[in-house]
Amino acid sequence: MHLSTSAAAILALSLAGPTMAGRPYFCPLALDAKFLQVPYCCEGFVPARDSKVSFEGVNCIDVSSDEDFVKTCPKGGTPKCCYSIGPKVICTTEVGDGVDK
């Protein structure tokens with residue numbers, strides 16, 4: 001069975017929707033690959049290989065599970081919406097406002 005890109009995106013959102021309820025942040029699907037993203041704080045960014053819309057994060061930490069989520073990273077800057085592939089963290093968008101708990 002082969003799903004179209006839009007059907008796959010709708011399926012991903014329907015499966016992830018209940019888990020996103022009540023989060024103080026919002027991360028859309030990745031702009032380059034339509035993966036689910038979560039907030040990461042990174043010390044820096046370099047252009048991702050073969051992409052015009054994404055960046056590879058440098059020394060990143062996942063802050064999605066922080067009890068008191070804040071929009072400021074420990075070393076300054078703001079969290080970015082990213083996904084991980086192996087040891088790499090790929091970021092494509094800014095973190096948006098979610099639903100407060």
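Just so you know, the numbers here start at 1 and follow the chain as drawn.
Note that Cβ sites are derived from N, Cα and C of the backbone, with glycine treated the same way.
Here Swiss-Prot flags CYS27-CYS81 (among others) as disulfide bond. Within its own chain, CYS81 (disulfide bond) has CYS27, PRO28, ALA30, GLN37, VAL38, PRO39, TYR40, CYS91, THR92, THR93, GLU94, VAL95 as residues 6 or more apart in sequence whose C-beta sits under 8 angstroms from its own.
Annotated disulfide bond per Swiss-Prot: CYS41-CYS73 (among others), in sequence order. Note on CYS41 (disulfide bond): other Cβ atoms within 10 Å of its Cβ, all shown chains, come to 22.
The annotation disulfide bond is assigned in Swiss-Prot to CYS42-CYS60 (among others) on the grounds of similarity to another entry. Cβ neighbours within 10 Å of CYS42 (disulfide bond), excluding its own Cβ and spanning all shown chains: 20. In the three-state DSSP reading, CYS42 (disulfide bond) counts as coil.
Non-local neighbourhood of CYS82 (disulfide bond): GLN37, VAL38, PRO39, TYR40, CYS42, GLY57, CYS60, VAL89, ILE90, CYS91, THR92, each in the same chain, at least six residues away, with C-beta under 8 Å from its C-beta. When secondary structure is read from DSSP and collapsed to three states, CYS82 (disulfide bond) falls in the strand class. As annotated by Swiss-Prot, disulfide bond applies to CYS82-CYS91 (among others).
Sequence annotations record features per position, and here Swiss-Prot assigns signal peptide to 1-21.
A C-beta separation below 8 Å, combined with a sequence spacing of at least six in one chain, links CYS73 (disulfide bond) to CYS41, CYS42, VAL63, PRO79.
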